[in-house]
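Copied from Swiss-Prot, the annotated features are:
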BINDING   G69, P70, E71, S72, S73, G74, K75, T76  ATP binding site
Amino acid sequence: MAAITNNPDKEKALGLVLNQIERNFGKGSIMRLGDAARMKVETISTGALTLDLALGGGLPMGRVVEIYGPESSGKTTLALHAIAEVQKAGGVAAFVDAEHALDPTYSAALGVDINNLLVAQPDTGESALEIVDQLVRSAAVDVVVIDSVAALVPRAEIEGEMGDTQVGLQARLMSKALRKIAGNIGKSGCVVIFLNQLRQKIGITYGSPEVTTGGTALKFYASVRLDIRRIQTLKKGSEGEYGIRAKVKVAKNKVAPPFRIAEFDIIFGQGISRMGCMLDLAEQSDVVLRKGAWYSYNGDNISQGRDNAVKYLEENPKIAETIEQQVREKLELGSLSFAISQGDGEEEE
């Protein structure tokens, strides 16, 4: 192979062309990768510590995320928890309610500041995606949730007759919208979360017959895809059902190792059980030990049974905080905080 020498003329020519590109296309349009202000991708918490660990820290900012699964599996609950975490950090959140099914009371119970949550309920898919595009372009919103892709009905389908056949309209709409939105998402640092439903393909003999709606464009543009399933119904004696156990598989992850699995409890009317997640990770990292049905911490038995252990942590917040700190240190989860961009370009630590 021929030797490549460092020629001063080449360096000068490179400097000139880089300056010309920046003048033509704006500052930051081209750069050396090592010159980037932040090489590390910032993340936001999902509200479930077990899922944050599986994702390598949380949902990546400036990326597209898809959450899909069967009905009543926890998709909207997970998205609302992400909104609540962003708002707690001082960020701005928007919810595009294409299904017209957002429950303000439930959202508030999950910790969402409904007084400051931006909500849009568009009539057509074009309107919904145009709203998303404008919110992303503003660089003033930190997370946008679209609920759901299946409800993004093209205008032509709405204006047509009920029996009309409209082939591939929604897939073409999603493909065009994502081409427009993707670049702006990276520049603005906004997380765009698409919730999606599952359908069954007909005549499939081998492999899974399940397929997400809206074509394949979202699969390519999404940096993270989460497959959420309900695996168990939680019951408590005569009180009956009080929640579900959800399992999330990271089907795709461009910023951390994929195919990891996380489980957590979703309590009806309350959302993701934070203490339940923490107890699972504390047991996994040997901060809390379990022998049979008994849970112990620092050599002392704290409760018998998982439900009682969760209740103990809820009733003893100082001990729970200490355990959480030890879990984060052992699993290198960090604080999971993220910087919210301010108007002057400064960042909040």
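Glycine is treated like the rest: Cβ placed from N, Cα and C.
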Inset, instruction - Please report the number of other Cβ atoms within 10 Å of the Cβ of G74 (ATP binding site). - result: 25
Inset, instruction - Determine the minimum-neighbour residue: among G69, P70, listed as binding-site residues, which Cβ has the fewest other Cβ atoms within 10 angstroms? - result: P70
Inset, instruction - Counting other Cβ atoms within 10 Å, pick out the least crowded of the binding-site residues S72, S73, T76. - result: S72
Inset, instruction - For the recorded ATP site, enumerate neighbouring residues of the same chain (Cβ within 8 Å of the Cβ centroid of G69, P70, E71, S72, S73, G74, K75, T76, site residues themselves excluded), in sequence order. - result: I228, R230
Legend entry - Spatial neighbours of E71 (ATP binding site) that are distant in sequence (at least 6 apart) but have CB under 8 A: Q197
Legend entry - Other CB atoms, at most 10 A from the CB of K75 (ATP binding site): 23
